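Taking it in order: structure first as structure tokens, then the write-up.
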Amino acid sequence: MTDSIPLQPVRHKKRVDSRPRAGCCEWLRCCGGGEPRPRTVWLGHPEKRDQRYPRNVINNQKYNFFTFLPGVLFSQFRYFFNFYFLLLACSQFVPEMRLGALYTYWVPLGFVLAVTIIREAVEEIRCYVRDKEMNSQVYSRLTSRGTVKVKSSNIQVGDLILVEKNQRVPADMIFLRTSEKNGSCFLRTDQLDGETDWKLRLPVACTQRLPTAADLLQIRSYVYAEEPNIDIHNFLGTFTREDSDPPISESLSIENTLWAGTVIASGTVVGVVLYTGRELRSVMNTSDPRSKIGLFDLEVNCLTKILFGALVVVSLVMVALQHFAGRWYLQIIRFLLLFSNIIPISLRVNLDMGKIVYSWVIRRDSKIPGTVVRSSTIPEQLGRISYLLTDKTGTLTQNEMVFKRLHLGTVAYGLDSMDEVQSHIFSIYTQQSQDPPAQKGPTVTTKVRRTMSSRVHEAVKAIALCHNVTPVYESNGVTDQAEAEKQFEDSCRVYQASSPDEVALVQWTESVGLTLVGRDQSSMQLRTPGDQVLNLTILQVFPFTYESKRMGIIVRDESTGEITFYMKGADVVMAGIVQYNDWLEEECGNMAREGLRVLVVAKKSLTEEQYQDFEARYVQAKLSVHDRSLKVATVIESLEMEMELLCLTGVEDQLQADVRPTLETLRNAGIKVWMLTGDKLETATCTAKNAHLVTRNQDIHVFRLVTNRGEAHLELNAFRRKHDCALVISGDSLEVCLKYYEYEFMELACQCPAVVCCRCAPTQKAQIVRLLQERTGKLTCAVGDGGNDVSMIQESDCGVGVEGKEGKQASLAADFSITQFKHLGRLLMVHGRNSYKRSAALSQFVIHRSLCISTMQAVFSSVFYFASVPLYQGFLIIGYSTIYTMFPVFSLVLDKDVKSEVAMLYPELYKDLLKGRPLSYKTFLIWVLISIYQGSTIMYGALLLFESEFVHIVAISFTSLILTELLMVALTIQTWHWLMTVAELLSLACYIASLVFLHEFIDVYFIATLSFLWKVSVITLVSCLPLYVLKYLRRRFSPPSYSKLTS
């Protein structure tokens, strides 16, 4: 048999706005004071505001009470076919165009609209209840009369709000005071940015020093804040106290903010409200939900357009055969109404209900627990993926970091030699604690050991100090929290940090003798092997950013007064910061090839004068309102020169369970896997080999670093001469290639069995997805677990988020959410395949059902001199596509050609779907021919066998039509489910029972005769038997691939 010609509709923009903001008209936007601009907010005096601000109301509804019905109807009738059916129904009010009872056209349309309206109403009610619950939460507001209770919706800009532990922050605020002794608080931000690690926040120093919270109302102070924007990771502002002499000004940054939607994890805080309502960071980052339109839906739209063309052609032919006699234009309209069943009005409803079933089945699958379907509109996409783009860290790997290597240049310590590191640390502190009497000079061996111990100690101390980790003490049932914190109880201590890498490093320093036991915003405590506590003052902290790829900290040792600047970061940036050495680059490469994540650690000693000079310039830069980030970075960079290289650290991130067999399954299914990661080249390559993304006997072409067009041209030519090899390329080289040779590069890359892109920025990940879609026209699936994967996930045809240690941001942004990468195999091979095949069968059967009755109408009109008279009227035409055939046809969503275990065992079955065979122009044409044959057979058979009255034609043909549909469903089903049997018997019973009430259309006495029974039996047999024979012969002599596995 020849292959089907897959449907290839034009790829439209994949996302369309499915959520019109009907509940918020444009004129309401001006009520909040126009365009957002910087503001001055006086503490505790909302009446002093210099502009109008929006109410602090959360509103996630699409519509309000008045716009609900018009909004829903508009969203439905903007689709051509729904509008077309509305015009048909309205035409029945014109006497010259009426073909029967009004309900014949209005009931089906009303049913479709009722399903949509009910679904939207349920969603709106749920939204309203959630919004009301959030807006009604009660908070404490500080006023001159004391503390008063206020609802979240009544909070205003300038209010002083008190938020307790485990309470949600109701508005965007500046952090003024905390009840915590350490003068800071922790936030849980997982609902804002998806990250599960707690964030440290610091109050304004000036207000934290006030004796009580009530004193906030006694001072004259204000906050100057930037205009509202979507950036949740940055903030610029200043705090000014005017009643002091001289006035005090402090710069404000992200560390002083409490964004709405976050939760206070420690203590009780007081903040001043800056932004409310739609100006909240969380609201501005929440775009209207958008739906992806699946390729399957586009293909079905193509088919319905073909059917509409057929409808017009058939109507014109009927009128033409009448020689356009009389009022022929009215006849055209009547025939358009008569053959309107050619376009099935129930197709969209059936497919949407099918998608709901597929989503329910996915959620209920016990073999992929925790899987969530967030977009129920595209389950069929899972069955046709050609390119899978995956993140590395946390997706292919566990994101559970284990410290593996400490490298000092001349010596390296692995897991098997950590006791030596511990010995060096112990010897340093035991020597310091002893004050031995004068003795003979040390031997050479002793000097060497002391030198090595000193180097190891400096490295471990730097690792123990340079981080953003905070130890948190919790009650363990024996010791309460306060006592545990006071005694630094090991069993009660938990480390909180913004990255698993940070926790792994601090846990390792604890294992070798240097334990982080305490930290607040201004100090840090380390416990030594001799139970001595080292107190260090934190002078400055420079947090890690994706742009800088490094972090630093300046501390003062309280016992010696020494000031030290510690820094750690990626080798690509640290190589230009540390003093010249001849081993850094080589050893970084060696450790990366072992699959380790490498950090370079360095330090620099500062004199008091050097630090004071730096601090003055740094404070001045932080007070700048314009270009603050650039000025601050410039000041910090003045310190980052000629730093002393201390060590390299290697942390391993192990592969997730069953990653290798899952990738092998995907490869055998014809899916090409690309790994896009921000990690370094050597680490990414090593992980690709370990995961068998690149097979053992496969060559790897490492695309060398290129910086201009000429170099890119030469390297592409070199790559072109390679065959069947995996490609490894860095983000910098990728950017150059896409700038000058986008088409050539993508053409070559698409031919590779696997591609690894390292040092890849989030925007580049999304760009690669977009280019694959444009250049190949194939469906893409993006898999990730972190916030840097969100853009890639949203850009892909099908986004899958993995719930991991980096939070839920990717999971919440994805169409599907899984808990482990290995679940992806079953999601695609079983659920994706079944969803696509079931929807293909369902859509073609619904079309077949409509074409059958339309063919019968065409034959009937032709026989009776092309009269525009309906064959079936009233309840018959409505019941045909509802209670008589709806349940058996819809039961096809439960059908499957092979068992789940077989689909997983033979992923090659998935390849057939990539060619679009289940739904193609060929299969569509076959079903059209089947419909024409069966419709003609039934109608001509009824005309030949009826005896005297017209109602006999109706009875014979309609009964034969119902039985034919039921038999066709039975012949199509490949794996019977008990619900399918119930659907068949229930539909037949409904038809037989309803015959008693159909005396207006059917002769009840005639259908009880033997003559009726044998005529219906013969017609049904002639319409179905040849198709069964053809199906049997095809399975016998040209069986499909799946039948070979089930026979």
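Note: Cβ is positioned from N, Cα and C throughout, glycine not excepted.
Keep in mind that what you see is a predicted model, and the values were worked out from it rather than measured.
Here is what Swiss-Prot records for this protein:
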type	residues	note
TOPO_DOM	2-69	topological domain 'Cytoplasmic'
MOD_RES	Thr2	N-acetylthreonine
TRANSMEM	70-91	transmembrane segment
TOPO_DOM	92-96	topological domain 'Extracellular'
TRANSMEM	97-119	transmembrane segment
TOPO_DOM	120-303	topological domain 'Cytoplasmic'
TRANSMEM	304-325	transmembrane segment
TOPO_DOM	326-332	topological domain 'Extracellular'
TRANSMEM	333-354	transmembrane segment
TOPO_DOM	355-841	topological domain 'Cytoplasmic'
ACT_SITE	Asp391	active site, 4-aspartylphosphate intermediate
BINDING	Asp391, Thr393, Asp785, Asp789	Mg(2+) binding site
BINDING	391-393, Glu502, Phe544, Lys549, Lys568, Arg597, 677-679, Arg759, Lys765, 788-789	ATP binding site
TRANSMEM	842-862	transmembrane segment
TOPO_DOM	863-874	topological domain 'Extracellular'
TRANSMEM	875-893	transmembrane segment
TOPO_DOM	894-923	topological domain 'Cytoplasmic'
TRANSMEM	924-942	transmembrane segment
TOPO_DOM	943-949	topological domain 'Extracellular'
TRANSMEM	950-972	transmembrane segment
TOPO_DOM	973-978	topological domain 'Cytoplasmic'
TRANSMEM	979-999	transmembrane segment
TOPO_DOM	1000-1006	topological domain 'Extracellular'
TRANSMEM	1007-1030	transmembrane segment
TOPO_DOM	1031-1047	topological domain 'Cytoplasmic'
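Overlay of Swiss-Prot annotations on the structure.
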residue	record	CB count, 10 Å
Asp391	active site, 4-aspartylphosphate intermediate	29
Thr393	Mg(2+) binding site	27
Phe544	ATP binding site	19
Lys568	ATP binding site	26
Thr677	ATP binding site	26
Asp679	ATP binding site	24
Lys765	ATP binding site	28
Asp785	Mg(2+) binding site	32
Asp789	Mg(2+) binding site	33
Segment confidence, the topological domain 'Cytoplasmic' (120-303), expressed as mean pLDDT: 86
Within 10 angstroms of Thr393 (Mg(2+) binding site), Cα basis - binding-site residues out of Phe544, Lys568, Asp679, Lys765: Asp679
Contact check, the transmembrane segment (333-354) vs the transmembrane segment (979-999), 3+ Cβ pairs under 8 Å, seq sep 6+: no
Residues in the topological domain 'Extracellular' (943-949) grouped by DSSP into helix, strand and remaining coil: 3 helix, 0 strand, 4 coil
DSSP-derived class (H/G/I helix, E/B strand, else coil) of Phe544 (ATP binding site): coil
Annotated stretches the transmembrane segment (842-862) and the transmembrane segment (97-119) touching (3 or more Cβ pairs under 8 Å): no
Candidates Asp391, Phe544, Lys568, Thr677, Asp679, Lys765, namely the recorded positions, that fall within 10 Å of Asp785 (Mg(2+) binding site) by Cα distance: Asp391
Separation of alpha carbons, Asp789 (Mg(2+) binding site) and Lys765 (ATP binding site) (Å): 8
Thr677 (ATP binding site) and the residue listed as 'active site, 4-aspartylphosphate intermediate', distance between Cα atoms, whole Å: 5
Cβ-based contact of the transmembrane segment (875-893) with the transmembrane segment (1007-1030), 3 or more pairs under 8 Å: no
DSSP three-state assignment for Asp785 (Mg(2+) binding site): coil
DSSP-derived helix, strand and coil totals, residue by residue, for the topological domain 'Extracellular' (863-874): 1 helix, 0 strand, 11 coil
Best-contacting stretch, by C-beta pairs under 8 Å, relative to the transmembrane segment (950-972) and drawn from 70-91, 304-325, 924-942, 979-999, 1007-1030: 1007-1030
Nearest-integer angstrom distance between the alpha carbons (Cα) of Lys568 (ATP binding site) and Asp789 (Mg(2+) binding site): 25
Per DSSP, three-state class assigned to Lys765 (ATP binding site): helix
Cα-nearest neighbour of Asp789 (Mg(2+) binding site) within the listed binding-site residues, Phe544, Thr677, Asp679: Thr677
Best-contacting stretch, by C-beta pairs under 8 Å, relative to the transmembrane segment (1007-1030) and drawn from 304-325, 924-942, 979-999: 924-942
